[in-house]
Structures are given as structure tokens and as C-alpha cells.
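Participant: Look at TrEMBL and you will find 80 tagged as active site, proton donor/acceptor. Annotation source TrEMBL lists NAD(+) binding site at 180, 181, 182, 183, 184, 185.
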Ligand SMILES: NC(=O)C1=CN([C@@H]2O[C@H](COP(=O)(O)OP(=O)(O)OC[C@H]3O[C@@H](n4cnc5c(N)ncnc54)[C@H](O)[C@@H]3O)[C@@H](O)[C@H]2O)C=CC1
Ligand SMILES: CC(C)CC(=O)C(=O)O
């Protein structure tokens, strides 16, 4: 992998490698763009097959955060971190504290939070070494686990996507296929079940799948069968790149709306689903609830204010489809346009000299 070529292609600012032999820490922090403010994005812990895979994941996720934060109307830039390791075996206090010291070394250019494989308890350990961490235990005045709030945002965004596709935002009686029922999707399923949707779920961890079957009367299917389920809505809530050449021909859903980051394997897959008339709710718009929630901590956490902002994901999804229709472009491009316009406008206004500049993280 030619790292500087990659950084240049998407205009990344910084890539940091962190190593601590004593704890076994091997981490990558990617900062994509800080035009709007400090880079905020979670830390993923995963058993990457190679170092290159880890670096690419960090870079792709960091760029996604720039767009997510901009589209959500936050004054926050984009970054993300990955820890190479097995979250079930390789965690230790020393590892997270060593990682926290590297974050502290960036002096606020990067602020972390949870992602796949990390928990509030891990953030508490990072917090022993740095204040540049969110999603810490509420006892510290923090917002805690972002997943339920992400789920609520996805639920609101899914209703908006249903309105675009079916002319009515009710999910009652709709069949929804959910891929991966972890932290976010379990909470999403609760909202969907309460509204009267029929759920079909899968997960590589049987206990997670069984929990959704037990608590929400969901039907369980095999990991590969989820794409071809006869359903109204497909909700990818596991990992990325699941909308691809192999899966698109299997899809029967009219809507794709889920929590996972980087759902489209390549941009052209967004073109393909658009041509097929599938309403694709862009991942980084619909799953912004968690980051909206943790970003609120930067001005002193207020849950009511945060949830009110998460509600706006409904309108953001509708706006994406207005732009898509107006400019005759697929929804993923419409979302990019929305985010890029905001970054460009703010870059201009923020470059105006101001003595004793006030930092406004989120409105
Ligand atoms: N936690 C949060 O607040 C946010 C999460 N996201 C994204 O949402 C997705 C889910 O996040 P979490 O729920 O926090 O993670 P999680 O790790 O709690 O849940 C993911 C679930 O997917 C399952 N899974 C993994 N690969 C699978 C496969 N091939 N087929 C079926 N199931 C599979 C896992 O076993 C797990 O139960 C991730 O892509 C994450 O980046 C995005 C925004 C915020
Ligand atoms: C705080 C996290 C929920 C933010 C993040 O990493 C994401 O939205 O993917």
C-alpha cells in the first residue's frame, strides 16, 4: 500500500501509529479533516488479518466521520482509531491506558469514543490518561454508551426512508431484515418491535441472535440468507462493504437503512441500487445519533438537547432524497454534496480573523 498516495487521494491530514511493547498495544489513529473542529470518532478493536487491512479501515472510517459530522451539522472534524487485537482476549488496563496517552499526545486534535469491540469500561480506562474521550461512564458527567442513541437515530431515519419509499412512515406491519444484532441493532429492534414491525435477524454470534428472537419474536435466519429475505427493509447493522456485487442481486427489499458504517463496498454499488429503485439511506447520515450524543459532551452533556438533535436525522434523510431527486443523483452522492457544501461554507467563514475566537463544537 502506498500510504502517501492514499492520504493524498482523499486529502487526509494525519496518520498516527501507536505501539507499546509492554501492553501489546498496536493502534492506528487516522485524522481525515479538521476544518470544522477537532476530529471525533470511535475506536474499533478488531482481529484484522493484516496491518494494511487495519490502516485502510481506520482511513475509510475516519473519512466517513468527516462527512457524518458535517452532514449532522456538528462543528466537528473526522477521525477514527483502530486497535489491532481480539476484543475477547487482548484487552487490558495497560493497553487502554497506553492508548489514552497517545490520544493525549495529540492535544485535542482527535477525540475518541466507542465503536465495534470497545465499551464504556474501555473508555473509562482511556479517561485515566486523557480528557479527549467521550462515551465515558455517566458518573464522570459523560453520556455513557452511545449505542442506544445511535439506534434511536437509525429508527427515526428508517421511518423517513420508509416515507420516501412507501409514501407513509409507519413501520407497523413492515418486514425488516436486520443483519447483526449487537449493541445498536438490539436497541433498534426494540423500537421496531414496539411499532409493530416483523423482524428477521441474523448474527454470527448465536447468543445475540437468540436474544432478539426471545425478546422481540424475531425470526432467525442464516448469515448468508439475510440478503435474500423477502422483506420491505434491509438493515445492515454489522460491518461494512455488505452492499456489493454478490449481495445486490439477492436483495428483495425496497429500502436499505441500517447502522453499519461504510455499507457500500464501492461507490458504484450506490449507483446500482439507485438504478434498481432501492431507497438507500446513506449510512453516515442515518447512523449519526451516537456521535451527535457524544459531541454534546463537549459543551457539557445535556441528554434532552442531544436527543432533540438526534430527532433531526429524520429531516436530514428527507433532505438527502430531495437533493437526490432535484439533482438526479443517487442518495449517497446527495449526502456527500450536503456534507461537502457545509465544510466549504464553514471553511470560508471560519477563516475570517477573530480575536479570542470562540469554539462552538455543536449547536
Ligand atoms: N455503536 C454505535 O453507537 C455506532 C455504531 N456504528 C456502526 O454500527 C455497526 C454496529 O455497531 P455496534 O452495534 O456497536 O457493534 P456490535 O459489535 O455490538 O454489533 C455488531 C454485531 O454484528 C455481528 N456480526 C458481525 N459480522 C457479522 C456478519 N457477517 N453477519 C451477521 N452478523 C455479524 C456481531 O456478532 C455483532 O453482534 C458497526 O458498523 C458500527 O461501526 C455506527 C455509528 C455508531
Ligand atoms: C461515538 C461513536 C458512536 C462515533 C463513531 O465512531 C461513529 O459514528 O461511527
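Using the three backbone atoms N, Cα and C, a Cβ is placed for every residue, glycine included.
Those TrEMBL annotations? Automatic predictions, nothing curated.
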Participant: Could you measure between residue 184 (NAD(+) binding site) and residue 80 (active site, proton donor/acceptor) for me? Cα positions, answer in whole angstrom.
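Facilitator: Pair distance, Cα basis, whole Å: 18 Å.
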Participant: I'd like to verify something. Among the recorded positions 80, 182, 183, which ones have a C-beta closer than 6 angstroms to some atom of ligand 1?
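Facilitator: The ones that qualify, in sequence order, are 182, 183.
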Participant: Rounded to the nearest angstrom, how far is the Cα of residue 80 (active site, proton donor/acceptor) from the Cα of residue 181 (NAD(+) binding site)?
Facilitator: 23
Participant: Taking the mean position of the Cβ atoms of 180, 181, 182, 183, 184, 185 as the NAD(+) site, which residues outside that list, in the same chain, have a Cβ no more than 8 Å away, listed in sequence order?
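Facilitator: Apart from the listed residues, the neighbours are 147, 178, 186, 187, 188, 203, 208, 237, 238, 259.
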Participant: If I take the alpha carbons of residue 180 (NAD(+) binding site) and residue 80 (active site, proton donor/acceptor), what is the distance between them in whole Å?
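Facilitator: Distance (Cα to Cα, whole Å): 21 Å.
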Participant: Using C-alpha atoms only, work out the spacing between residue 80 (active site, proton donor/acceptor) and residue 182 (NAD(+) binding site) and round it to an integer in Å.
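Facilitator: Distance (Cα to Cα, whole Å): 20 Å.
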Participant: Which has the fewest other Cβ atoms within 10 Å: 80, 182, 184, 185, the recorded positions listed?
Facilitator: 182
Participant: Taking the Cβ of residue 180 (NAD(+) binding site) as the centre, how many other Cβ atoms fall within a 10 Å radius?
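Facilitator: For residue 180 (NAD(+) binding site), the count of other Cβ atoms within 10 Å is 27.
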Participant: Does DSSP put residue 180 (NAD(+) binding site) in a helix, in a strand, or in coil?
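Facilitator: Its secondary structure by DSSP: coil.
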Participant: What is the total of other Cβ atoms whose distance to the Cβ of residue 183 (NAD(+) binding site) is within 10 Å?
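Facilitator: Residue 183 (NAD(+) binding site) is surrounded by 22 other Cβ atoms within 10 Å.
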